[in-house]
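What TrEMBL records for H423 is active site. The feature compositional bias 'Low complexity' is assigned by TrEMBL to 13-27. Taken from TrEMBL, the feature compositional bias 'Polar residues' covers 38-48. The region 'Disordered' feature in TrEMBL is assigned to 1-60. The annotation transmembrane segment is assigned in TrEMBL to 104-125, 145-164, 176-198, 204-222, 291-309, 339-363, 410-430, 436-455, 467-486.
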Amino acid sequence: MAALESPENHIKATATSTATTSSSATSDLKFSVRRRSTTVTDSPSTEMMESEDLKSNGKECDKVTNENRSDIKFNYRPSMPAHRGVRESPLSSDAFFKQSHAGLFNLCIVVLVAINSRLIIENIIKYGWLINSGFWFSSKSLRDWPLFMCCLSLPAFPFAAYLVEKLAYQNYLPQLVVVFLHTIITTGSLLYPVSVILRCDSAFLSGVTLMLFSCIVWLKLVSYAHTNSDLRAIAKSIDREDVPSISPYVGNPYDTYFKSLVYFMVAPTLCYQSSYPRTESVRKGWVVQQFVKLIIFTGFMGFIIEQYINPIVKNSQHPFKGNLLYAIERVLKLSVPNLYVWLCMFYCFFHLWLNILAELLCFGDREFYKDWWNARTVEEYWRMWNMPVHKWMVRHIYFPCLRNKIPKGVAILVAFLVSAVFHELCIAVPCHVFKLWAFIGIMLQVPLVVITKFLQNKFRSSMVGNMIFWLFFSILGQPMCVLLYYHDLMNRKGKTESS
């Protein structure tokens, strides 16, 4: 039979045997190395056998190395083509957004740190330390006890809302009476702090803190009342078998536990539900790190305000009463430090403080913001930069409007209207100035929503809308509001002192 085999079969058999020999040699090498690593003492004959195995496998490795050298010698000759395809430059318009720019981003950070460090040193050498805490904590701050007492008494409103829900749960109150009592409670939780601030000539920071706290309480109370009203309706429908058993009621059961309300009032959310996703434990070391960051960035924010923003604002004129070019120059000069303060404020509150609070309370859902800095339209920005308020708006304003047959555009307009009212309250009440600048600024976002959406649809896969957002919202809009409120506040104080 061996004589009848063809030369090709003989060659195949030889190749197969060679491969088998090579694989067996490799396995012998692995076995010998493994044996040498596990055996302490061997006999001389064993060591000689292992030495022979290593030599044979060394020859195999030399053979592979020689083959690689021959491949390099053949493939990388001067006559080999260096250009083998159509490629774009990394910074070309078609490939710009497909490339990673992490190195350029790091360069920008280094350049910004170097430039701003030089400017800070130059500013201190030229003007000295300009930090003055009188605008934030004046001598009146220690006598702002009415605001402090008002802040301590605000928990009475959630307790009153709990009593109403307890009576409604036991069917002691009809639905109309429940709605009426909740309306009084929520309205009182907002008007009470406003009246206290307006009656007291308090420091600006004290007034802003109390107004923010009262607005948060109002939003939470509305969510508490609205959610429980909906759960009561679902419970009655299930009793009448008007809805299927699979419903939102299953995931958010109707109860009136006081501890659920207490946890909701201190949790970093504005939307009430009986239970929340929870983490298992508190990372104490992580909390300490975040507190240190919070102190550092808060101090940096105060330094920028006192060293840069206050001098610029004091040396400016009212934007609508002076020279137009001078007003534009002041706005542009104010835009950069104002942008730094705004970014620090966002990082301190939405990232550091809310995460600290969530960690201490084991609150699991920590999506307090999304990548709003990549927003291509103004609408995307408002949907991503403040997720607790966005979820509240969607849950308690937008979808209720749609369920009541209100058009989508009108529902969005109503949401912006509510946001504009609360922005005006948080700024105008502590300043004792009601010129509606914040209200107008928020409502002007509506046409910007339409414009940026139109541009995004026209110039797809571009960042035109993102550039417009940064220009109008951060570079022009906020500095303009700062100048307007500052000069109106100074004018009010001047009239008060003269009278």
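Placement of Cβ uses the backbone N, Cα and C atoms for every residue, glycine included.
Of the ranges 104-125, 410-430, 467-486, the one with the most Cβ pairs under 8 Å to the transmembrane segment (436-455) is 410-430. Taking the Cβ of H423 (active site) as centre and 10 Å as the limit, one finds 18 other Cβ atoms among all the protein chains shown. If you look at the transmembrane segment (467-486) against the transmembrane segment (339-363), you find at least three C-beta pairs under 8 angstroms, all six or more positions apart, and that counts as contact. Among the stretches 145-164, 176-198, 339-363, the one making the largest number of Cβ pairs under 8 Å with the transmembrane segment (410-430) is 176-198. Stretch with the largest number of CB pairs closer than 8 A to the transmembrane segment (145-164), among 176-198, 204-222, 339-363: 176-198.
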